[in-house]
Amino acid sequence: MERNSHLRTTIGEPLLNTVGASRVLMVGAGGIGCELLKNLVMSGFQDIVIIDLDTIDLSNLNRQFLFQKQHIKKSKAKIARESALEFNPNVRIEARHQNIKEEEFSVEWFKGFDLVMNALDNLDARRHVNKMCLAAKVPLIESGTAGYLGQVTVISGDLTECFDCLSKETPKTFPVCTIRSTPSTPIHCIVWAKSYLFGLLFGNAEDDDDEVMVKEDNADDETAKELETLKAESQALKTILAQAGQEGFTELVFNKVFGTDIERLRKMEDMWKTRAAPTPLNYNQIMDITGHLSQQLNVAPESTTLKDQRVWTLPETVTVFGDSLVRLTERLKELRESDPEASISFDKDDAETLDFVTATANLRAHVYGIEEKSRFDVKAMAGNIIPAIATTNAIVAGLMVMLAFKILNKRIADCKTTYLVYDSRGDRDQLLISEKLAKPNPRCYICRNAYIGLKIDTTTSTVQDFVDIMEDGGMTDVEIQENGRVIHDPDFDDNLGKTLAELQLTNGKFVDLVDVDDRKVIVYIIHRDSAALDGEKFILEGDVHKALVQQDKLRKTLEQLKAADAAEEALEAARKAASAPAHKHVEDSDIVMLEEEETRKRKRDGSLEILENGPLKKSSLTEPAHPSELGGGSQQPHAVSNDGVGDGTSAEQAVDVDEVVMVDGEEVDVVILE
Amino acid sequence: MALPQQHTISEDEAALYDRQIRLWGAEAQLRMRNASILIAGMRGLSNEVCKNIILAGVGSITILDHENITEQDFGSQFLIRGAALGTNRAAAAAEKARLLNPRVNVIVDQEDIVKKDDAFFQQFNIVCLVGCTIDQMIRVDDACRASEKRTGFYAANVYGFNGYIFCDLKDHHYRVERQEENAATVIIQKHHTYDSLSDVLLARFGFPTPRKLRRKVSPLLLAIQVLWQFQQQHGGRLPQSSSQEDLATMLQLRDTKLKDAQVDPAFVDDSLIQVLVSTGSAEIMPVCAVVGGYLAQDILKTLSAKDAPILNHYIYSGMEATGVVHHIKKE
Ligand SMILES: [Zn+2]
C-alpha cells in the first residue's frame, strides 16, 4: 500500500494517471491558495505552477496555514511552495513572485496548462485570467470566499458563462455635497476623513477630490455656489498648514474644520429644514473639560472590550486627533526635505493614518449627531476589509479539486457552480448548493468573440500588412482598436505605414477588430522575429473565416433576443393597460407577476462581487455585494450578516425561541420566529 | 480541564485573529480560546479538523491515536512527514500541528480509545471521534451526555467521495444576532435539543413517499448507517473493495435496516451500496477538506455559543456536490 492507494481506489487508475500527467496553474497563494496547494499536492497532481505577487502579513496567519510568523514579508508563492513540498516531496512546484498580468504570461504561456485555478482576491486579475483562459482555450476554475460564504465554478469557452458575462458591481460613490456638507451616516464621515480631509492635509496639492465623490449632474446654482464656497474653505485650510509645528497648530486646525466651517454651514438654513443642523465644536471647551476629567480618563476601560473596539469619548477623540495630526505633519515635513512632492496616503495598516481618520471621522459624526465608530470598525470601513476564515477557504479549495477531477476526466458538463451558504438560525437543510453551469451571455464581448493569435514580426510589419491579413481572411473595411485606442478605421488611415511595434502593438497585446458587418474578432499579437517564421510573413493561430461565420450566427441570436425583449415589453405594456381599477383580481395577479419578474431580473443581473477571495457573483443565495479588499474605491461597510438570506428551501424544524431578545443590550419583548 | 480562564483578548491576538474576529466577534474568540477539544482517531479528516481549529485559536487540543503511521497515511495526512513512518500517528501530527499556531496547547495521547474511561471524555468541551466504530461512538456519546461539563459530541468520517458529520449537543443554548432595518442589532437566545446517537439509530420513518422521505433523510446517510452495522458485525473492519461476499452482506444488511426503519428498500439503491463498498476504505484530500471544513466550523460555532450548529447530521456527496443537513429523531 503506497501513498496514492486511497486516491486510486476512489478516482481510479486512469484518472489518477491523467491527473499526474497534467500541468496546472494556480493564480494566487493567499487564503484559498494555501488550501488549494495542499489539496493539489495531496491529490496526485505532479506539476504545478503558482504565482502571487503578494508578501506575507501577520493578519494572514489565522488562515494561510502554509505561512508562519518567521515568514512575514516574504513571497507568498515561494513560501507556499516550500511548505507544500514538505507534504509531498515528489511534486514539481514552480513558484513565481510576480504579477499574472505581466507580459511574459502570454496566451501562449497559458496554453501550456491543462487547467487554470484562480484563488484571487481582486476583480482586475480575475478578469485578466478569464480573458487569457478564453483566448488560450484552457478551462478555468474560479473561486471566492467572504466570511462564511463561498463559491466555486468553472469557466470554459462556449460551454459556460465567463467571468465577464454578468456586469460587475461598480465601486460605491457618494455625491460630493453629501460628503462635504450633509453627511447622514458613519460611512459619509469616514469617506470625508479619508478621501477629503486626509488628502487635503497630507496629499499633494494637485490631487483633486478623489474618485469616490461624484459631482451631481443636475447641480443647480445653489449647489454650484456651495461648491465654490467649499473650495474656498479648502484653500483657507491649506494656508493654516503653513503654520504646522507652531504653538497652537492643532487648535487652529481643529477650530477651523470643526468650528468655523461648521458655523458657516449651520447658517445655511435651507439645508437644515429637513435634517438636523450640525453643532460646531470648540477645542478649548473640550480640553477644559478634559482637564477636569483627566483622572477618570486614566481608568482602564472595561476589561472584556478591546481598546480598538470601544468608541472613544469626545476628549479621547480630540487627543488622538491632536497626536496623529502632529505626528503626521512632522512625518510629512521630514519626507518633503528630500522630496518636495512627497505625500502620505491613507493605509489601514499605518496606525497613525488610521488614528487620524478615526478621530476626524468621529469628530465630524459628533458634529452632525451621527453614530460614532470604534477604530476597529473604521479600519474595516475605510480599508475595505473582508472577514476571512480558514474553514471556508478549506471547503472551497476542496470543491475546486473535485471540479479539477471532473474536468480532467473530460466531464466538464457534469461540473456545477457550488455555493456555500451560512446557517445562523438552524433553519437551512442545505449548506452546499449546486446549480448547473450557466450558459454564456450572448451579449458578452469577452467570451462571445473569436480569439485568434497572430505570429508576426512587429518591428517590420505595418498596420497595412495587418489590415491585409484580416481582409484576406474575409473582413471588410476593418476597424482596429487596442484598449480603446483607435489604430485604424476606414476614415482614419494615418497609421497604415507605421509598424506594429511603433504603435505599441507588441507581443501579448490584444487587438479588437470589427468590420463593416459588425463582426468582431480579437487578435492577440505574438511577436516573432522574421527568421523564426519559417519563411512566412505571418502565421495565424485560428481560422478567421470560421470566426466570422460564428459571428454571423451570434448576430442572428442577438437579433432574436432583441425581438423577444421587445415582444415582452409590448406584452407588459398591454397587461398594464388591461389592469383597470375595476378588475381588482387582475391587478393582484399583476403585482405577483411583477414581483416574480423582479426576482428573476435580480437573479439574472446578479452583479459579480469580488471579495477577499470573494464570491464571484451575487446569487439569490448570497448576501449583498461587498467591496474588494484590493479593488479600491469602494466604501461600503463590510458587515456580513446572513439573516434573511434564503429562498425558503428549508424544511420546518423544531426551533425553540425562548428567553429574551435584546436590542443593543436592552431587554425588550420576546420575539417569536416563524 | 484546568485551563486558566482568561477574560480578555490581548492586542497581539487581536492583530493575529483580526480577520476572523471581524466575522464572529471578540466574545466568540474568547470562548474558543478557553476551550479544550479532543480529536480521537488521526486520519486525513482529523488532520483537516486539527489544522482549522488550531488556526482559529482554541485553548487546547488533545489528539488521541494508538496506531503507527503506514505508507498510505501519507496520502491524506498532511501533518505527517516521511521520516515519521512507523511512529505514532498522534505524536507525529502534533509536531507540525504546533507550528500552525504556537498559542494553542497541543497534547498527544497515544493510548487506545477503548482503554479510556468515561471520565476521560467528560473533561473536554468538545469530543470529536473520527473513523471510530459505532460501538465506540455510542459509548462516548453517552459519556458526553452524562458529563457535568456539557461536553459536546461529534463523530465524522469520509468514505471515498462521501462523508458525514454527526452532532449531539444534548441541550445547546446559543444566540443569534440579527441586523434590523434600522441598523439595531437584535440578539435572540435560542436552544436546540439533540437526541443521542443510540436513539437516532432507532429512527422510524413510517414508509413515506420517496419525495417526502428525501427531505428527512438522504439515501447516503442510511447507507452509511448500514456500513456501521457491517463494521459492528465484522470486528470493526470495513468491507473489502473487491469482495463480492462483503457486497452481498451489505445488501442484506441494507434490506433489514430499511425494513426496521420503515423505509422502502428501493430508497437506497444497490449502486450506492456498491460505491460505499468499493471506496469506503479510502479517504482523499479534497473530501477531507470539505467535510473537515464543515466539521471544524461547526465545532467553533458550538464553542462560541453563537449561531446554530448542525442538527444533527451533515451529509456531503462529492459526486453531486451537495452538503445537506438532516435532523433525525427517534420519534
Ligand atoms: Zn462572457
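Glycine residues also receive a Cβ, built from the backbone N, Cα and C atoms like all the rest.
Unlike curated entries, TrEMBL annotations are predicted automatically.
Copied over from TrEMBL, here are the features:
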- A:Cys177: active site, glycyl thioester intermediate (ACT_SITE)
- A:Cys162, A:Cys165, A:Cys444, A:Cys447: Zn(2+) binding site (BINDING)
- A:574-658: region 'Disordered' (REGION)
- A:385-405: transmembrane segment (TRANSMEM)
Whole-number Å distance separating the Cα atoms of A:Cys447 (Zn(2+) binding site) and A:Cys177 (active site, glycyl thioester intermediate) is 40
Row A:Cys165 (Zn(2+) binding site), column other C-beta within 10 angstroms, all chains, value 22
A:Cys162 (Zn(2+) binding site) to A:Cys177 (active site, glycyl thioester intermediate), Cα to Cα, whole Å, comes out at 38
One should report the C-alpha separation between A:Cys444 (Zn(2+) binding site) and the residue listed as 'active site, glycyl thioester intermediate', rounded to whole angstrom, as 36
Apart from the site residues A:Cys162, A:Cys165, A:Cys444, A:Cys447, the 8 Å Cβ neighbourhood of the Zn(2+) centroid comprises A:Asn130, A:Leu134, A:Glu161, A:Phe163, A:Asp164, A:Pro440, A:Asn441, A:Ile446, A:Arg448
Here the recorded positions are A:Cys177, A:Cys447; the one whose Cβ sees the most other Cβ atoms within 10 Å is A:Cys447
One should report the C-alpha separation between A:Cys165 (Zn(2+) binding site) and the residue listed as 'active site, glycyl thioester intermediate', rounded to whole angstrom, as 35
Across the binding-site residues (A:Cys162, A:Cys444), the Cβ with the fewest other Cβ atoms inside 10 Å is that of A:Cys444
